[in-house]
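According to Swiss-Prot, the protein has these features:
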MOD_RES   Ser5  phosphoserine
REGION    16-24  region 'Homomultimerization'
REGION    22-47  region 'Disordered'
MOTIF     32-48  motif 'Nuclear localization signal and RNA-binding (RRE)'
COMPBIAS  33-47  compositional bias 'Basic residues'
MOTIF     71-82  motif 'Nuclear export signal and binding to XPO1'
REGION    81-102  region 'Disordered'
MOD_RES   Ser90  phosphoserine
Amino acid sequence: MAGRSEDDQLLQAIQIIKILYQSNPQPSPRGSRNARKNRRRRWRRRQAQVDTLAARVLATVVHGPQNNNIVDLPPLEQLSIRDPEGDQLSEAWTVDPRAEDN
């Protein structure tokens, strides 16, 4: 049956999204007004993160994984760790022997 694996992937993505939304239930309506307000604010922030994750999961299944490797790096053999300013002598690091310490 053609397309069966794609359907399974989509169903699995939907199950993941369902679990994400179930993991962030609405806050309870008890407590002081300020406590309820803070709980709702935190819940909305978490809900926005869940929405973003759900969109990424669905986009990955529908459109395939995104290629976020925008920066082309040179081969690792050409990379080195050194101080580019360490090769030059700086006037700031010289000590004047005539200066007095107070």
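FYI, residue positions are counted from 1 along the chain as it appears here.
Cβ atoms here come from the backbone N, Cα and C positions, even for glycine.
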Can you give me the average pLDDT across the region 'Homomultimerization' (16-24), rounded to a whole number?
93
List the residues of the same chain that sit at least 6 positions away from Ser5 (phosphoserine) in sequence and have their Cβ under 8 Å from its Cβ, in sequence order, or write 'none'.
none
